[in-house]
């Protein structure tokens, strides 16, 4: 009771349902809720979603804060084309988005960040990390499958510690969320980002649909398997996180990933930064 929760909202079905559920529960639990949106700078996509989100926020009613990639980082996603070439923009966009949510939630005084990830999203992430052989992210996904991350401040050296995250819908399937929105008449934006087809996540998503058609429990099984992963420590995993030398955020190296990408973009060599970090 009394905790402040920043609801990461995009205007899509997941975050719209999450905001609606938390608004109803928040009145009983005494939560202080606010919607937090990120404008990545994708013309014709994010603009429409933000219009839907503003209407949803007014109907609940919940305050809405919007932060933009252009204002925080000096780059909009649509500006990354010449720098990245045929490479997916989704990696850079995702890194910037997480950084923006973290920073904005901290400035809002939020105790938690709630995201709308559902069981399908969790299953996709587990499958994607297996396909990439990404042990570090498999470990992180295993922790996130419990629904909360960063429960303790990773480093006292960081001027702004991380805000812990929650995934309240992590056990709800995408179909259940769509049905919830349908029967309650909740409007949401359904257009897909035009950069999404270039993302690697599309491959495990398509594979997951085939697996689900053959075995309906595949999504739930993969999502729950994240909680049972017992992974050995990766090389260097024992080192305590420190502070980013550029922005002060928690970082495992001298710079956080957002600042690594920003520095590479400023030098005109973002592909090199992506390749070095295995992204």
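Cβ atoms here come from the backbone N, Cα and C positions, even for glycine.
Database features, via TrEMBL:
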- 8, 9, 10, 14, 38, 116, 121: ATP binding site (BINDING)
- 5-145: domain 'tRNA(Ile)-lysidine/2-thiocytidine synthase N-terminal' (DOMAIN)
- 242-273: domain 'Cytoplasmic tRNA 2-thiolation protein 1 C-terminal' (DOMAIN)
Neighbour count, 10 Å Cβ-Cβ cut-off, for residue 14 (ATP binding site): what number do you get? 23
Per-state residue totals over the domain 'Cytoplasmic tRNA 2-thiolation protein 1 C-terminal' (242-273) - DSSP helix, strand, coil: 15 helix, 5 strand, 12 coil
A correct count of other C-beta atoms within 10 Å of the C-beta of residue 9 (ATP binding site) gives 29
Looking only at 8, 9, 10, 14, 38, 116, 121, which the record lists for ATP, tell me the maximum pairwise CA distance in angstrom. 19
One finds that other Cβ atoms within 10 Å of the Cβ of residue 121 (ATP binding site) number exactly 20
Chain-internal residues, separated by at least six, CB under 8 A from residue 8 (ATP binding site): 15, 36, 37, 38, 101, 113, 114, 115, 116
Long-range Cβ environment of residue 10 (ATP binding site), under 8 Å and at least 6 residues apart: 37, 38, 49, 53, 116, 189
Cβ packing number for residue 38 (ATP binding site), 10 Å threshold: 24
Within the predicted model, mean pLDDT of the domain 'Cytoplasmic tRNA 2-thiolation protein 1 C-terminal' (242-273): 77
